[in-house]
Amino acid sequence: MAMCNGAIYDLLLFLLMLAFSQRFFLVDSTTDPPDIKVLKDLKNGLNLKSIVPGSCLSSRDFSLDPCDHIFNNHFTTAPIDQRSFKIQRPSSGGDLPQFRRVNSNTLTMFMDNDVEEGNLGPYADRPRVFPSMRSKAHTPLIFRILMGINVRVLLVFLLLGLGAIFYVGAKTSPIIVFVFSICIMSFLFSIYLTKWVLAKDEGPPEMVQISDAIRDGAEGFFRTQYGTISKMALLLALVILGIYLFRSTTPQQEASGIGRSTSAYITVAAFLLGAICSGIAGYVGMWVSVRANVRVSSAARRSAREALQIAVRAGGFSAMVVVGMAVIGVAILYATFYVWLGVDLPGSMKVTDLPLLLVGYGFGASFVALFAQLGGGIYTKAADVGADLVGKVEQGIPEDDPRNPAVIADLVGDNVGDCAARGADLFESIAAEIISAMILGGTMAQRCKIEDPSGFILFPLVVHSFDLVVSSVGILSIRGTRDSGSKSPIEDPMAILQKGYSITIVLAVLTFGLSTRWLLYTERAPSAWFNFALCGLVGIITAYAFVWITQYYTDYKHEPVRTLALASSTGHGTNIIAGVSLGLESTALPVLVISVAIISAFWLGHTSGLVDENGNPTGGLFGTAVATMGMLSTAAYVLTMDMFGPIADNAGGIVEMSQQPESVREITDLLDAVGNTTKATTKGFAIGSAALASFLLFSAYMDEVAAFAQEPFKQVDIAIPEVFVGGLLGSMLIFLFSAWACAAVGRTAQEVVNEVRRQFIERPGIMDYKEKPDYSRCVAIVATASLREMIKPGALAILSPIIVGLLFRILGSYTGHPLLGAKVVAAMLMFGTVSGILMALFLNTSGGAWDNAKKYIETGALGGKGSDCHKAAVTGDTVGDPFKDTAGPSLHVLIKMLATITLVMAPIFL
C-alpha cells in the first residue's frame with residue numbers, strides 16, 4: 001500500500017507542476033473538476049498490481065514531443081486500459097478531435113513483467129504491446145532556441161525579416177517581389193496541410209508505439225548523418241575558399257571591381273547556403289513522413305480514400321516546402337548580390353553576368369544531396385534485404401511481421417532513404433536547373449543586345465513559382481469520401497493520383513504560356529515568346545511521357561511486370577534474367593524521348609528570331625533550357641506522389657506489426673503497390689530532368705571556360721587521345737560508383753542477415769511471441785554501417801573530376817596545350833552524363849519492376865505468399881533493392897554534381 005501511495009503521490013506532484021507552469025491545463029468532457037477526474041482515472045485505470053515492486057511512476061513516463069509543440073499537435077496520455085485524460089495547451093484547438101499518446105515506458109514495464117513471470121498466452125489473446133525503443137526526447141537546436149523566445153518577439157523578428165526580403169526584392173525587380181509573394185503563400189499553404197494532417201487520429205496505442213520507434217530511429221540517424229555531412233561541407237568550403245583566393249578572375253569581374261577575395265567569399269557563402277537549404281529540404285521530407293505514417297494506418301481502418309488523401313497531403317507539405325525553398329533561396333541570393341554589388345550601376349557588374357555567381361549554391365545542394373542519398377539508400381536497402389531474406393525466405397513470415405528483428409530498421413529506412421534523400425534530390429535538381437537556365441538566359445540576352453534582360457534571367461523563378469500554384473490545386477483535387485465510415489468499393493489509387501496530375505499539367509500549360517508572354521516578349525523578335533512557349537510544351541509532354549513509360553514498365557497492371565512475375569514460377573535464376581532484360585529494354589524509350597525533346601526544343605529556340613550582332617541565331621540553347629523548365633513545371637506534384645510511396649509503405653508496416661485485420665492490410669498493400677509505382681515514376685522523371693539540366697550545365701561550363709581563357713571554347717574533339725581518355729574515365733566513374741554503392745548495401749545486408757539469424761537461433765521464443773526481438777541492435781548495425789560506407793563512393797564522385805582536370809592541365813602545360821585540362825574534363829562530363837543516364841534508367845526500372853512483381857504475386861497470383869514462386873520473386877526484389885533505392889537515385893545527383901563541381905572548379909583546370 002505504501003508503494004501504491006508513493007506512485008500516486010509522484011503522479012499528483014507531476015500534474016501539479018504542470019498546472020502551475022501555466023503552459024498546460026487539464027481538460028475533459030466530463031463536468032468533474034480536472035483534479036477529481038485525474039484521481040478517478042488513476043483509481044480506475046492503473047493496474048497497480050502490475051507495478052514492479054520498488055518502482056514508481058515519475059514525470060519521465062509522460063513524454064511530450066517538443067517538435068509537435070511548434071505545429072500545435074494535441075497530446076494525451078493513456079493508462080493500460082485505454083482510459084485517458086488529456087494534456088492540452090491553451091488555444092491549441094480544443095474543438096478538434098483529441099487522441100491518445102501512449103505511455104511507452106509503462107507498457108514496456110508490463111511486457112517485461114509478463115515475460116519474467118511466464119504469463120504470456122496466445123498472441124491474439126493478450127494485449128498487443130511492443131517494446132519501446134524511444135530514447136531521450138531530442139529537439140533540434142533551432143527549435144529549442146525558437147521555443148525559448150517569446151512569441152511576440154518571434155513575430156516581430158519574422159515581420160522584420162519579411163520586410164527586409166521584400167525591400168531587397170523591390171530594389172531588384174518587381175518580378176522578384178512576385179516570386180517572394182508566391183513562395184510565402186506556398187509556405188502558408190504547407191502549414192495548412194500540416195495542421196490538417198496532424199489533426200487526424202493516430203489510432204490505437206500499439207500503432208502509436210511503433211510509429212514512435214520509427215520516428216526516433218529516423219531522427220536519430222538523420223542527426224548523426226547530417227552532422228557528418230556538415231563537417232565535410234565545412235572542410236570543402238575551406239578548400240573552395242583557398243582555390244578562389246588564388247585563382248584568376250574573368251575580364252567581366254575585373255571590369256566590375258570584383259576581386260579575388262570578394263569572388264571567393266561570394267562562392268563560399270552560396271555553397272554553404274545551398275548545403276543548408278538542401279539539408280532542411282531533407283529534414284522536412286523526413287519530419288512529415290514519420291508523423292503521417294501512423295495517421296494513414298489509422299485512416300486505413302475506415303476507408304482507402306481517406307488514407308490516400310492523408311498520404312498525399314503529407315507528401316504535398318514536403319513538396320511545397322522543398323520547391324518553395326529552392327526558388328526563394330535562389331531569389332534571395334540573386335537579389336542580395338544585385339543590391340550589394342550595385343549591379344547595372346556605372347562601373348559595376350552587368351546583370352547578365354550575375355547568375356554565374358550563383359553556381360556555388362547548386363554545388364552545395366548537390367554535395368549534401370549526394371551523401372544524403374548514399375547514406376539513406378544504404379541504410380534502407382540493407383535493412384530491407386536483411387529483413388526479407390531471413391524473414392520471408394528462411395522463416396516464412398509476412399513482410400513487416402513484428403517477430404522480424406530487422407523490421408523497425410526497415411521502416412526507419414523508408415523515411416531516411418526515400419523521404420529525406422528524395423527531398424534533397426529534388427531540391428538539388430530544381431536549384432541546378434534554375435541556375436543553369438539563368439546563366440544561359442543572361443548569356444543569350446547579352447549576345448542579342450536585349451534592352452531589358454531581367455525577364456530572360458528571372459524566367460525560371462517565375463515558372464517554378466507557378467509550379468507551386470498549379471501543384472497546390474492538384475493536391476487539393478484529391479479529396480476524401482463524404483462519409484469516411486462508409487465501406488465503399490476500393491477505388492484505384494493510381495487513377496486518382498493520375499487525375500490530379502492531369503489537372504496539374506493542364507494548369508501548367510496555361511501558366512507557362514502566360515509566363516513566356518509576360519517575360520520573354522521582346523521587340524527584337526516579337527514572335528520569339530511563342531516559340532519558347534512551344535519549347536515549354538515539349539518539356540511538359542516529355543515529363544508526361546516519362547511518367548507513362550515508367551508506369552508501363554513498373555506497374556503490375558501492365559505486361560512487363562506480369563511477364564517478370566511469371567518468370568519467377570520457374571525459379572530464382574529465371575526471375576533475375578527476366579528482370580535484367582526488362583531493365584535493359586526500358587532504357588530505349590526514355591532515350592528516344594530525351595533525344596526528340598532536346599532536338600525539338602533546340603530547333604524551336606534556334607528559329608525564334610533572336611540573333612546576335614552578326615546575325616547568327618542564338619536561341620537554341622535557351623530553348624532547351626525552357627524545355628527543361630517545362631519538364632519541371634509540375635515538380636511539386638511529382639514530388640508529392642513520390643513522398644506518398646514511403647508514407648504508404650510505412651503505414652503498411654505499422655498495420656502489419658500492430659496485427660490489424662486483414663481488410664486493413666489489403667488497403668495498405670494496395671497503397672504500397674501504387675507507392676512503388678509512383679516512386680519509380682519520380683525516379684524516371686528525375687533522371688529525365690537531370691539529362692536536360694546536365695546538357696544546360698555542360699553548355700554553361702563551356703561558356704565559363706571561354707570567359708576565363710579569353711578565347712572561344714565551343715567544341716570538344718574526342719579524336720584527341722587525351723580527350724578520349726577523359727571520356728572513358730567519365731564512363732568508368734559511373735560504373736565504379738554504382739558498384740561501390742551496391743557493394744555497400746551488400747556488405748551491410750550481410751551483417752543484418754547474420755544478426756537476424758542469430759536472434760532467431762538464440763531466442764527461439766520469438767516465433768511464438770514468447771520472446772521479444774532486439775530491434776535496436778539491427779538499427780544500430782545499419783546506422784553505423786551506412787555512415788561508414790557512404791564516404792568512399794561520395795569521395796570518388798567529388799575528387800575524380802578535380803584530379804583528372806589537374807593532371808591533364810599539368811600535362812597540357814608541358815605539351816603546349818593550355819586548354820587540355822578543361823577539354824578532358826568536358827569529355828569526362830559528357831561521357832559520364834550519357835553513361836549515367838542509361839545506368840540510372842536501367843537500375844531504377846529493373847528494381848521497381850522486381851518489387852512490383854513480388855507485390856503482384858502477393859495479391860494471390862501464381863501461388864501467392866509463401867509459394868516457391870513468391871520466394872523467387874523475393875530474391876529478385878532483394879537484388880533490385882540497391883538498384884532502385886541506392887545506386888540509381890544517387891546517379892541522378894552524381895550527374896548534376898559532376899556538372900556543378902566543374903563549373904565551380906573550372907579556373908583550376910586552366
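Cβ atoms here come from the backbone N, Cα and C positions, even for glycine.
Listed in TrEMBL:
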- 6-26: transmembrane segment (TRANSMEM)
- 141-169: transmembrane segment (TRANSMEM)
- 175-193: transmembrane segment (TRANSMEM)
- 266-290: transmembrane segment (TRANSMEM)
- 456-480: transmembrane segment (TRANSMEM)
- 500-521: transmembrane segment (TRANSMEM)
- 588-606: transmembrane segment (TRANSMEM)
- 618-639: transmembrane segment (TRANSMEM)
- 684-702: transmembrane segment (TRANSMEM)
- 723-746: transmembrane segment (TRANSMEM)
- 794-812: transmembrane segment (TRANSMEM)
- 824-843: transmembrane segment (TRANSMEM)
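Across 500-521, 588-606, 794-812, stretch 794-812 shows the highest tally of CB pairs under 8 A with the transmembrane segment (824-843).
Packing against the transmembrane segment (684-702) from elsewhere in the chain are residues 359, 425-426, 429, 432-433, 436-437, 439-440, 539, 542-543, 546-547, 549-550, 590, 593-594, 597-598, 621, 624-625, 627-628, 631-632, 635, 638, 713-714, 826, 829-830, 833, 836-837, 840-841, 844-845, 889, 891-892, 895-896, 898-900, 902-903, 906: each is 6 or more residues past its ends and has a CB under 8 Å from a CB in it. Within the chain carrying the transmembrane segment (266-290), a Cβ under 8 angstroms from the stretch's Cβ atoms is held by residues 67, 194, 197, 211, 214-215, 218-219, 222, 226, 229-230, 233, 236-237, 240-241, 244, 258, 314-315, 317-318, 321-322, 325-326, 329, 333, 337, 357-369, 372, 414-416, 418-424, 426-428, 431, 643, 646-647, 650, 904, all 6 or more beyond its ends.
Among residues of the same chain six or more beyond the transmembrane segment (588-606), those with a C-beta under 8 A of the stretch's C-beta atoms are 531-532, 534-535, 538-539, 541-542, 545-546, 549, 617, 619-624, 626-627, 631, 684, 687-688, 691-692, 695, 837-838, 841.
Here the transmembrane segment (618-639) has long-range neighbours at 315-316, 318-320, 322-323, 422-423, 426, 429-430, 433, 436-437, 440-441, 444, 447-448, 456, 459-460, 463-464, 466-468, 470-472, 474-475, 500-501, 504-505, 508, 511-512, 516, 528, 531-532, 535-540, 542-543, 547, 597-598, 600-612, 681-682, 685, 688-689, 692-693, 695-696, 699, meaning same-chain residues at least 6 beyond its ends whose C-beta is under 8 angstroms from one of its own.
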